[in-house]
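Undergrad: Provided herewith is a single structure, encoded as structure tokens, for subsequent inquiry.
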Amino acid sequence: MTHDIHIIGGGLAGSEAAWQMAEAGYRVRLSEMRGVEGTPAHKTDDLAELVCSNSFRSDDAESNAVGLLHAELRQMGSLIMACADKHRVPAGSALAVDRDGFSAAVTSAVAGHERIELVRERVDGLPQGPAIIATGPLTASALAQSILAETGEEQLAFFDALAPIVHRDTIDMDVAWFQSRWNKGEGKDYINCPMNKDEYLAFIDALLAGEKTAFKDWEADTPYFDGCMPIEVMAERGVDTLRHGPMKPVGLDDPRTGRWPYAVVQLRQDNALGTLWNIVGFQTKLKHAEQVRVFRTIPGLEKAEFARLGGLHRNTFINSPRLLDGELRLKSAPNIRFAGQITGCEGYIESAAVGLLASRFAAAELAGRTMPRPPVETALGALHNHITGGAEAETFQPMNVNFGLMPPLTGIGRTKKADRKLLYTARAREKLAGWLESAA
Ligand SMILES: Cc1cc2nc3c(=O)[nH]c(=O)nc-3n(C[C@H](O)[C@H](O)[C@H](O)COP(=O)(O)OP(=O)(O)OC[C@H]3O[C@@H](n4cnc5c(N)ncnc54)[C@H](O)[C@@H]3O)c2cc1C
């Protein structure tokens, strides 16, 4: 079958994109290498296989950004959401699925579509015609090399050295303070959390004792991103290593004492809106529950809410803010779009969402139209904005959807956190409705 668009990768993003394009009336060639070649994490040949957990996380569309994304995708006719809903298993307020039933349903819908040709093949080069690359965190290496050659980047497969990210409004600014080291740069570049000697020593002990996740065999040869070292590995090298590294106190005057503390934890602004701050140098393999427990011992972060916890696993992703335009097209080769985790979103549902968005942009372009971008106040738009410009290219790292990626609410005065979440989702629903009308 001749095709209008070539989609590479039949995971969460590629399956969603293929089905959306076909439903819009276009003929799709969908290339998926499993069937002829496996990946280190997938176990079946099914499309949209869930490589680890069977959870799509919270399904609460009123007060959770992930649940909101579910609702937006349902409203937009997502195949992934329809199959997830059909194969739901009990999981409280989360959306968890029977993984085999879910993947089988996606495979059957995609492979059985009259306008989709599913080809079991590994693709090594970038296509010449319209294409969507959705090959995910474990993109086969020959294609990764072709992407490197096209983009001029040096490296695509990294350990995700994810530092934890904190919601700014949960930091106790009676304890923490704004200051750049030696007062260089803008005064508000860093938030500093002070530690005395006892607090520091207890913190080092907690890092060393905390339970860690293990590397997988196939992760062994992957380099650390930018030479980032997990914080607990630094702590193992000596009790003062962190105090001479990311927790260095010099040039930082605690306004409560007028002196440099024994050690300092610094947070740096993570998004243009200033709602999210990452803990500088705190990439870690500590288990998530341990991170929450240990990082909340840091003075000023006792009540911290985390938009993302730290992590370290192999991931292939492009520097989207630098390489992609607002329609998810490669600036240097606009016939190529990217979708899914390779764009720097993180998670099953986020990947499907970017797959859906890439296909809508592509379908509009094939029809000679331009689709307006989704409003940043929606979950879909917040994710799109993070990928295509909201995040700094120099420090770009993968991200789950969260309220911190949306513009703060204005004119609401002091409002309880639970009420603020309701306001975020109400605003998102209104904006989505307006966008869907204009994008139709
Ligand atoms: C070990 C591991 C554990 C994870 N655990 C979770 C989790 O618990 N929860 C969560 O939300 N996210 C998890 N993730 C992230 C998860 O991978 C993504 O959320 C999601 O699978 C990404 O969807 P995608 O469509 O972008 O990529 P994928 O679902 O990986 O799909 C990409 C597809 O492209 C194919 N492919 C690759 N290269 C080629 C090529 N050259 N030619 C043809 N086909 C190709 C692959 O075979 C694959 O089927 C995990 C990732 C890893 C690596």
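For all residues, glycine too, the Cβ spot is worked out from N, Cα and C.
Under the heading domain 'MnmG N-terminal', TrEMBL lists 4-369. Annotation comment: TrEMBL describes GLY9, GLY10, GLY11, LEU12, ALA13, GLY14 as FAD binding site.
A description of the local structural setting of each listed feature is requested, covering burial, neighbours and distances.
TA: Confidence for the domain 'MnmG N-terminal' (4-369), expressed as mean pLDDT, is 92.
In sequence order, ALA18, LEU30, SER31, GLU32, ARG34, LEU47, ALA48, VAL110, LEU118 make up the list of same-chain residues 6 or more apart from GLY10 (FAD binding site) whose Cβ falls under 8 Å from its Cβ. Classification of GLY10 (FAD binding site) by DSSP places it in coil, neither helical nor stranded.
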